[in-house]
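For reference, the structure is listed below as structure tokens.
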Amino acid sequence: MRDRDGVTALLTIDGLTKAYPGVVANDSVSFSVRAGEVHALLGENGAGKSTLVKMIYGLVKPDSGAMRLGDAAYTPANPQAARSAGVAMVFQHFSLFDALSVAENVALGMESPPKMRALSAQIRKVSEAYGLPLDPARTVGDLSAGERQRVEIIRCLLQDPKILIMDEPTSVLTPQEVEILFKTLRKLQSEGTAILYISHKLEEIRSLCDGATILRLGKVVGTCDPKTTSARDMAEAMVGSALHVPQASPSPKGAIKLEVTTLDLPAKAEFGTSLRDISFRVKAGEVLGIGGVAGNGQDELLAALSGEALSAPHAVKLGGTPVGQLGPNARRKIGILAAPEERLGHAAAPDMSLTENALLTGAIREKLTRNGFLKWRDTEAFARRIIAGFDVRTPGPDNAARALSGGNLQKFVIGREVLQNPEVLIVNQPTWGVDASAAAAIRQALLDLAASGAAIVCISQDLDELMEISDRFAALNEGRLSVPRPTRELTIDEIGLMMGGAGDMDVAAPEVLA
Amino acid sequence: MITLVKRPTPSRLWIVLTPLVAVLLTMVAGAALFAMLGKDPIEAIRTIFWDPLFNPQFAAYSRPQLLVKAGPLILIAIGLSLGFRAGIWNIGAEGQYIMGAICGAAVGLAAYPIDAWWVFAAMVLGGLAGGTAWAMIPAVLRVAFKTNEILVSLMLVYVAENLLASMAVGALRNPEGGGFPGSRNLSQYPAAANPELIAGTGMHWGVVAAFIAVIFAYVILSRHMLGFQIRLTGQSPRAARFAGVNAARLILICLGISGGLAGLAGLFEVSGPAGQISIDFGSGYGFTAIIVAFLGRLNPIGILLAGLLMALTYIGGELAQFMLGLPASAIQVFQGMLLMFLLALDVLTNYSLRWRKRETA
């Protein structure tokens, strides 16, 4: 329909608008993707990327506007229609059955699956052709996150799509797995498949994508060529203002605050991870970054440090005092605070107001009770201090936690702990799903807290974040922690090896592909 | 096609409106039911809701009955609501009610015929202890062995009923009763009686206790850490653990309070309106209180109103049976409809209705 550089666009989006009660998710969005182009969709959380791709994939119906696929009008009524038109999508959250094999899972997503043996052969063929090693007979429950993603990708590739939509595909991958994925995507690209790529990670987009459309508050605010635009410029276009880069003021490291010695903790939940022989120390003023692929013991480690899970008394010590047998409130009393990954339902109660959520962890250190009775006025004042101090966008402290956007709630949760002046703060995924400016603010708050003499343990799957704020880095792999090393000395390859637990790298090693 | 759209925050309007609309719909559907049974629907509804309170012929008798019936319902429902809010399901209040009555009455009967103020006080403690102890069985089993408190507390109702029957014909039987089952009449033993405090109102100590319980629950839920922990545990157990709530302690406290209040209700009933331990003492208050708790949205003030409304349908229902010859089961259907409409409308608190044209597939 529309020409750009003399090449016909494969997918043309023209003036798509979708409004939800109270918010216009997409406001007359237009862009186009050529065959063989890897096109990035950039934007902060809530910019409207998800709504846009959901419309393209037939999950959401636009209020107005038109789409064209090739020369024909494209109005998918549902995902089946989108798939038969040649549009496939790999979601951020996988939809796979743990108990079934790879081939069975693939068959479940097909309209008319072939015989299992033929399908297995097909899967093997595609997985070899695209450099995605995968055994069709294996049970999905035993696969790593990277391998699960391959199942989803192969499921899409079997349909021979013209357009492949990928939503935050690298958030669960090790650097080596990311390399494998990128090789696959480049091969698809060379065959003429268009790829619509959503990611927060700007460096990835710079190395992979040919074009980018930037969304802010539901509108297209610009396009750019990621190969020639700096990550900082792209970030600022997304945010719409100059980006504040967190600055660590080099603080003299003090005495050892938190000491974990040979911490062993058997898994509680059925699919939980056991912690094995974990040892590390964090000094006052220091940030220890703990990386690793999701599901390798992050939640369990946070629980063992926060006091939600008890351990041997001497396995966890604060300033030399054993605290392994103390519950969460006893640990709060002496200064160990934590912010878990799951904002709604763990760090905060969704249906409770922000004031009540301020009470949730603040009752003891902020002295919000008297003889068991609640001091609501003081609690509300504390909530207001968090809201003001951490720029939480909300009409007021009476609002329910679930009414806040993810980023704002995260700022609230982190602010709640930081304002209580912890001796030790443990955070898990502090900026997960948070937009760039809020993430920068949260990281700065953590660095400031460290500068004031607190010890900080930051568990995260965002390597860029860990590289940015941590003094030392260690990786969790199947419940074991590598020896922490100074972050400055590490290369991305070494980090990848630490995350893979070394020796366990055959899955991702490129040699296997041949 | 109607679709449900989740509201960003629960609608405060609908939280208040749901019970009212549910009562209204129940009246409409009930009227249809009564019409199908060949009765005048308007008159039936009036007999149930209006006559007990305002008909000069019946009001003198039935108005006091309102508090007599509502008292135990409210007292038990308040206790249950605390547990329900925390996701702790005590379904066996009927058993705790019976055990409270047995223990409290046993204390009074043992003291017979001493005439001292402490007799009634000791009976109150006995009733409290009986109900609490009976509720502690499912509580301790759940904490120690992770048994399901719903099943255990419910099963213990049947144990309590059999115990009641054996007490009525055995240990607690009136030695001067000529061999008939049933204990001495406590309401005729002044030191142990729970009399009507203000003539013509139906107000007895159990009703006073119910009002105190309403205030107590309101203060606990809105101003005390225990209430916060109860609400937090019910809404997000994981956040509660993170906030340092001791789940085992909360189970013991919630089941203990609900058992204790049910036991008190039993004691006040056996020493007042019922008067004696008899085989048919268990009247289903413990089960009806579950409906009252939900009808009142697990909110103390709501339970107060719901208890009065439920008592009204009981009294009005009896009146309708008597005056119009409506079958007892029709009245039960009517009460059941009330709960059904309430639960069905509950969805509107968190969701709003949208009309949408059917999309072509």
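Keep in mind that glycine also has a Cβ here, set from the backbone N, Cα and C atoms.
Some features that TrEMBL has for this protein:
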TRANSMEM  B:12-37  transmembrane segment
TRANSMEM  B:66-84  transmembrane segment
TRANSMEM  B:96-114  transmembrane segment
TRANSMEM  B:120-141  transmembrane segment
TRANSMEM  B:150-172  transmembrane segment
TRANSMEM  B:203-221  transmembrane segment
TRANSMEM  B:242-268  transmembrane segment
TRANSMEM  B:274-296  transmembrane segment
TRANSMEM  B:303-324  transmembrane segment
TRANSMEM  B:330-348  transmembrane segment
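Residues 90, 92, 95-97, 99-108, 111, 147, 149, 152-153, 156, 160, 191-194, 251-252, 255-256, 258-268, 271 of the same chain, all 6+ positions outside the transmembrane segment (B:120-141), place their C-beta atoms under 8 angstroms from a C-beta of that stretch. Under the criterion of 3 or more C-beta pairs below 8 Å, with sequence separation of 6 or more, the transmembrane segment (B:330-348) and the transmembrane segment (B:66-84) do not qualify as touching, having fewer than 3 such pairs. The transmembrane segment (B:66-84) makes no contact with the transmembrane segment (B:150-172): fewer than 3 of their CB pairs lie within 8 A, with pairs spaced 6 or more apart in sequence. Highlighted: of the candidate stretches B:12-37, B:96-114, B:150-172, B:203-221, B:274-296, B:96-114 has the greatest count of Cβ pairs under 8 Å to the transmembrane segment (B:242-268). Counting same-chain residues at least six beyond the ends of the transmembrane segment (B:274-296), those with a Cβ under 8 angstroms from any Cβ of the stretch are 19, 22, 72-74, 76-78, 80-81, 84, 91-98, 101-102, 105, 157, 160-161, 164-165, 167-169, 172, 174, 181-188, 262, 265, 302-307, 309-310, 335, 338-339, 342-343.
Within its own chain, the transmembrane segment (B:12-37) has Cβ neighbours under 8 Å at 44-45, 48-49, 295-297, 302, 305-306, 309, 326-327, 330, 333-334, 337-338, 341-342, 345-346, 348-349, counting only residues six or more beyond its boundaries.
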